[in-house]
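Enquirer: Here it is, the structure in full.
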Amino acid sequence: MRLLERVRKEWFMVGIVVAIGAAKLEPSVGVNGGPLKPEITVSYIAVATIFFNSGLSLKTEELTSALVHLKLHLFIQVFTLAFFPTTIWLFLQLLSVTSINEWLLKGLQTVGCMPPPVSSAVILTKAVGGNEAAAIFNSAFGSFLGIVVTPVLLLLFLGSSSSVPFTSIFSQLFMTVVVPLVIGQIVRRYIKDWLERKKPPFGVVSSSVLLMIIYTTFCDTFSNPNIDLDKFSLILILFIIVSIQLSFMLLTFVFSTRNNSGFTPADTVAIIFCSTHKSLTLGIPMLKIVFAGHEHLSLISLPLLIYHPAQILLGSVLVPTIKSWMVSRQKGVKLTRPTV
C-alpha cells in the first residue's frame, strides 16, 4: 500500500521510465512518419499545448510582485544563463579528452543553457520557508527569458546553426511557444475566477504531454542502429550531474551569504534553488525544435532527463538542512539587532 502511494506521488518519474521502456519495446510507433506522426503531433501540437497550459496557469501578477528586488533577480538570471553555461563549457573542454560519449557531453552543455523551471525551485523554496515571491518571479521571468536566450546559447556553444537555420528556430519557437503562451494569458483574463475556483490540474496536463515528447524522442533513439551508449559513460554522466548540482548549490550559497551581499537568509534559499535548477518542461521541447531531425537528439536530451529528477531528489533531501540553517541564521539576526 505504501509502495502504491509512493508511485502515485512520483508518477512523473515512473512515467519517464515507462515511456523509455515502451519506446524500447516498439520504437516504430513513435518515430517520424509512424502512427503517432510526431513531426506534427509533438513538434507543433504537444509543444503548443504545454505553453498554452503555462499561459493559463501562470498568474500575471506573480511577475510583478517581486519586481523591486533587482539585485536578487540579476544575480539569479546571470548565474543561470551566463555563469552556468560558461562554466560547463570550460569543464567540458577537460572532459572532451576522455572516452565519454561525445553526444552525452553535448547534452551536458544543453543542460547548462536551459532556463530555470517554473515549478520545482518554487516548491522547494516554499518547503524551506525561503523567499517564495522571489522564487516565483525568477522562475517565471527566467522561463520567459529562456525562450529567447536558450536557443541563442545552444547555437553559440553547440553550433547547431549549421544544420538548423537560426530564423527557422525562432519562427517555430514563436508559433509554438510565444503565441500559445500569450493566448493562454489572454484566455486566463476571462476565466480567472473559474480557474481559481476549480483549480484545474495544470501540472498533470503539462507533465502528461511531456511524457509523450519523451516517448517519441526515445523511439527515434531505439530505431537508430547507429547509436551506441556504454554503461560506463551513463554512470559517469550521472555522477558528473550530481557533482555539478552540489558544486553550484555551494557556490550560490557562498556568494549570497557574504557580509556585503545584501541578501537575507530567505533570499539565499531562493537563490540556491532558482540558480541551479533547470527546466525539463521548456528544455525538451526546445531541444526538439533546435535539433529537429538530429540522429543523436535522444543522447543530447539524456543528461537533461537525468538532471531534472536529480535536482528534485537532491533538493528534497537538503530541505531539512537548509531550513535548519535559515532558521538559525534568522534567529541570529534578530538577536544582534539593537533594542530601542
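Backbone N, Cα and C define each Cβ position, glycine as well.
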Enquirer: State whether, in Swiss-Prot, PHE232 is on the same side of the membrane as LYS59.
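Expert: No - Swiss-Prot names a different topological domain for LYS59 than for PHE232.
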Enquirer: Taking contact to mean three or more C-beta pairs under 8 angstroms, with sequence separation of 6 or more, is the transmembrane segment (271-291) in contact with the transmembrane segment (202-222)?
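Expert: Contact between the transmembrane segment (202-222) and the transmembrane segment (271-291): present, because at least 3 Cβ pairs are under 8 Å.
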Enquirer: Is the transmembrane segment (11-31) close to the transmembrane segment (72-92), in the sense of at least 3 CB pairs under 8 angstroms with a sequence gap of 6 or more?
Expert: no
Enquirer: Could you give the mean pLDDT over the topological domain 'Cytoplasmic' (185-201), rounded to a whole number?
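Expert: Overall, the topological domain 'Cytoplasmic' (185-201) comes to a mean pLDDT of 88.
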Enquirer: Looking at the stretches 11-31, 38-58, 139-159, 202-222, 235-255, which one shares the most CB pairs under 8 Å with the transmembrane segment (299-319)?
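Expert: The stretch with the most contacts is 235-255.
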Enquirer: For the transmembrane segment (38-58), which partner among 11-31, 139-159, 202-222, 235-255 gives the most CB pairs under 8 Å?
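Expert: Most contacts with the transmembrane segment (38-58): 202-222.
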Enquirer: For the transmembrane segment (11-31), what are the same-chain contacts with Cβ under 8 Å, counting residues 6+ beyond its ends?
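Expert: Residues 38, 207-208, 211-212, 214-223, 305, 309 contact the transmembrane segment (11-31) from elsewhere in the chain.
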Enquirer: Near the transmembrane segment (235-255), which residues from the same chain, at least 6 beyond its ends, have a CB less than 8 A from one of its CBs?
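Expert: Contacts of the transmembrane segment (235-255) (Cβ under 8 Å, skipping residues fewer than 6 from its ends): 75, 79, 84, 88, 91, 95, 100, 104, 107-108, 111, 261, 268, 271-272, 275-276, 302-303, 306-307, 310-311, 314, 318.
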